[in-house]
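Going by TrEMBL, these are the annotated features:
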{"type": "DOMAIN", "residues": "17-244", "note": "domain 'Peptidase M24'"}
{"type": "BINDING", "residues": "H82, H180", "note": "substrate binding site"}
{"type": "BINDING", "residues": "D99, D110, E237", "note": "divalent metal cation 1 binding site"}
{"type": "BINDING", "residues": "D110, H173, E206, E237", "note": "divalent metal cation 2 binding site"}
Amino acid sequence: MVRERVVIRSKEEIALSRHAGELAAQVLAMIGEYVRPGVTTDELDRICHDFIVNDLKAIPANIGYHGYPKTVCASVNHVVCHGIPGDKKLHDGDIVNIDVALIKDGWFGDTSRMYYAGKPSILAKRLVDTTYEAMLAGIRAVRPGATLGDVGYAIQSVAHREGFSVVRAYCGHGIGTTYHDDPQVLHYGRPSTGLTLRPGMIFTIEPMINAGKPDTRQLADGWTVVTRDRSLSAQWEHMVAVTETGFQVLTQWPDGLGEFARYGAVDGSIAVTATTAGIANVNAA
């Protein structure tokens, strides 16, 4: 059995990580108004790139990472993750995950969020809502002495309650001055199993949940992952630090929680109504 390397960060280091995470969250808040029918994912990628470089004065982390060619991942409908932006236009009813990572002062920020292009189907909205609720359940399971199995179990319990499945082939990860680090954060598990959480740990929680079966396959481009049965898939991602008393979300949305405030505040923050047109909960109307 391979022991995972556990990195414990100081309060000062967590603050640097949070700064990078908050900048990444700004990208997702900014891009929402551009997500609409008729736009291409390549156009969205270009807008994100320009904002990261010119406005945030940060470095896009994805470009060139193991050969990845773009700034963001844009995963539409049955694409689970790592969708490469291209010239295909979004259509009314599409659901889109945009996953952004950047580097600021040597620290990585990594987060993703769901958007609607137009009005989603009832199934699509239920999947997007459930996936958010599942991520939040996983986050709320984070505290010193809890285990990664507790986190995974909390996530899968929400997904299975709604008749959805959790993707097992991809997981969350440690993050800091390295993009992908230990520990691996599975989005399924058994309570009281796996790595015990300690204050100072930083990792992502980013469940991918399918409307159909959990099986996936990778396309010939070497990146794009789709559901094998072509069912819809959704994903949300936050960076989380373990604190002495619980957790701190390092990628808080600057534009508020919007309709997702009904699931309760994250990290004890005040829920503010979102005004960004493209965010999933707002654009559903």
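Just so you know, glycine gets a Cβ as well, placed from its N, Cα and C.
Mapped onto three states, the DSSP output places H180 (substrate binding site) in coil. Between the alpha carbons (Cα) of D110 (divalent metal cation 1 binding site) and E206 (divalent metal cation 2 binding site) lies a span of roughly 10 Å. Comparing Cα positions, E206 (divalent metal cation 2 binding site) lies closest to D99 out of the binding-site residues H82, D99, H180.
Looking at H82, H173, H180, the binding-site residues in this record, the fewest other C-beta atoms within 10 angstroms of the C-beta turn up around H180. Looking just at the domain 'Peptidase M24' (17-244), the mean pLDDT is 98. Same-chain residues with CB within 8 A of the center of the D99, D110, E237 CB atoms, the divalent metal cation 1 site residues themselves not counted, are A24, C73, V100, A101, T111, S112, T204, E206. Apart from D110, H173, E206, E237, the divalent metal cation 2 site neighbourhood in this chain, defined by C-beta within 8 angstroms of the site C-beta centre, holds D99, T111, S112, G172, I175, F203, T204, I205, H238, M239. Taking H82 (substrate binding site) as the reference point, the binding-site residues whose C-alpha atoms are within 10 Å of its C-alpha, out of D99, H173, E237, are D99.
Cα of E237 (divalent metal cation 1 binding site) to Cα of H173 (divalent metal cation 2 binding site): a span of 11 Å.
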